[in-house]
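Swiss-Prot annotations:
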| type | residues | note |
| --- | --- | --- |
| ZN_FING | 10-46 | zinc finger |
| REPEAT | 115-123 | repeat 'LRR 1' |
| REPEAT | 124-148 | repeat 'LRR 2' |
| REPEAT | 196-218 | repeat 'LRR 5' |
| REPEAT | 267-289 | repeat 'LRR 8' |
| REPEAT | 290-313 | repeat 'LRR 9' |
| REPEAT | 314-336 | repeat 'LRR 10' |
| REPEAT | 337-359 | repeat 'LRR 11' |
| REPEAT | 406-428 | repeat 'LRR 14' |
| REPEAT | 429-451 | repeat 'LRR 15' |
| REPEAT | 452-474 | repeat 'LRR 16' |
| REPEAT | 475-497 | repeat 'LRR 17' |
| REPEAT | 614-630 | repeat 'LRR 23' |
């Protein structure tokens with residue numbers, strides 16, 4: 001190994017000098033004895049070795065002290081020149097406006113303890129400069145898929161690292177076999193790294209407490225080793241080939257508190273983990289092949305969160321009745337789950353997901369769950385009895401999507417703490433009467449509620465921030481909207497009977513507005529009142545011919561008028577100086593003069609023009625400026 005030496009350490013093995021270190025002559029560099037066997041040149045300076053002698057302990061101490069002091073003198077109090085570091089990492093082409101520079105500035109403010117370079121793969125070219133960050137404890141290189149292995153090996157020289165995130169990078173078996181050099185590592189994430197097949201080398205990380213290997217689908221060797229790591233408290237193996245035999249290597253008296261084996265289709269028997277009584281969070285979602293050992297679940301008395309979604313053999317809640325400390329439970333899409341006896345004992349539950357459980361017919365048991373804050377019963381096709389809902393006084397979030405038997409909104413009118421309500425697909429609801437009592441409601445979804453005709457009952461929901469309304473075919477009256485002064489996001493789709501959109505123009509605080517497939521929408525003059533608008537979507541509104549006031553929306557960042565085939569004018573488009581994303585797909589009626597105005601938009605980053613007559617000169621100019629064109 002050649003190149004730079006490490007202060008107070010052998011430049012070959014990157015460890016403190018071993019006992020019996022040797023001093024080379026004439027260069028006087030010091031190395032471990034084992035690191036210069038049969039070498040004819042100094043590994044650091046490449047000078048020919050004329051001789052060697054045993055290094056004096058006082059000399060070693062002196063070298064370490066002097067070099068560290070010299071390092072401080074040369075680099076000043078801040079220690080690292082951010083501009084120079086950014087240029088080294090980016091191969092010389094990095095400017096002060098680059099993402100790398102901004103990330104390094106943030107790390108400098110934190111005294112170089114934490115560095116997040118995730119997603120900077122397009123700029124990163126050379127990681128050698130990271131060796132200067134000897135104090136670095138937390139490094140994130142996730143999503144840097146273009147970095148080659150030789151660059152990633154540099155990470156292993158950062159001996160002070162405690163946390164390392166390498167999601168979706170090119171790490172492989174060689175990298176994993178060498179990671180034992182990071183002797184203080186406690187947290188490691190290498191999710192989605194397809195080049196890893198053997199993780200046996202991770203067993204050397206005796207201090208490791210948290211390990212995530214999610215979606216490393218090519219690993220075939222070493223699961224048994226990492227399951228036996230003594231200090232492990234969190235292990236995530238989602239979508240891997242881990243087997244029952246591997247899981248049996250988890251020490252029953254260990255410290256493991258979180259285990260995620262979601263979508264691990266090799267798992268068939270839960271007795272493999274039955275002895276791990278320390279577990280507090282367990283995810284078995286998507287383990288379709290589990291056929292044995294469900295009774296082991298009742299032994300996890302410390303369990304706080306359990307996700308057993310998609311378990312085809314779960315038919316009764318009896319195996320869950322002893323989990324009295326459980327706060328989060330998900331049994332979604334357990335098609336055969338019918339017997340709910342036992343769930344009423346889980347009095348500490350705060351979040352319950354029963355979505356897609358077609359066998360559930362009654363909610364009477366929830367009356368005992370006084371601490372419940374979130375309930376999802378979406379898609380429970382057999383549900384006919386909603387008794388118990390009215391007793392959930394602490395409920396804040398309720399999902400009733402596609403529960404076609406739910407007709408009476410008044411059944412939830414007493415849930416005064418409700419913040420989010422989803423009634424999408426409840427096609428038999430004819431009126432929103434009762435919702436006016438939910439004064440704290442912030443988000444409401446009404447997609448596919450075809451019988452609703454008016455918003456009048458909800459005019460008093462002053463705290464409502466987000467409203468989704470889609471395919472409400474009989475909705476005609478929007479007058480109730482004008483009082484929702486706190487509304488920030490409004491989505492109105494496919495409401496074909498609406499003719500008067502005036503109430504929407506009174507929503508002065510709205511930031512995101514979507515009016516799509518509204519066949520009668522033709523007058524947009526009221527848009528000029530929505531001066532705080534940042535995103536505007538007018539999709540498939542074929543009656544619109546002109547948007548003359550768009551230039552007044554100075555804060556607009558995203559504008560979409562796609563498939564407004566009769567649109568001919570966008571007045572003041574050139575004044576949208578903050579516009580970043582523009583979609584004019586299918587606007588075949590726009591003249592070339594409108595497209596010419598695109599060249600005056602300084603912040604434009606994405607442009608969609610499929611099906612429109614965009615002049616070639618405009619496309620060339622946008623490409624030259626680096627705009628993403630679709």
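Here the Cβ of each residue, glycine as well, is placed from N, Cα and C on the backbone.
Non-local neighbours of the repeat 'LRR 10' (314-336) in the same chain are 285, 294-295, 297-308, 342-343, 345-359, 376; each lies 6+ residues outside the stretch with a CB under 8 Å from one of its CB atoms. The repeat 'LRR 23' (614-630): residue composition by secondary structure is 9 helix, 2 strand, 6 coil, according to DSSP. Away from its own ends, the repeat 'LRR 1' (115-123) comes close to residues 89-90, 94, 98-100, 103-104, 106-107, 130, 133, 136, 138-147, 165, 167 of its chain (Cβ-Cβ under 8 Å, at least six residues beyond either end).
Summarised by DSSP class, the composition of the repeat 'LRR 8' (267-289) is 4 helix, 4 strand, 15 coil. For the repeat 'LRR 2' (124-148), the DSSP-based tally of helix, strand and coil residues reads 5 helix, 3 strand, 17 coil.
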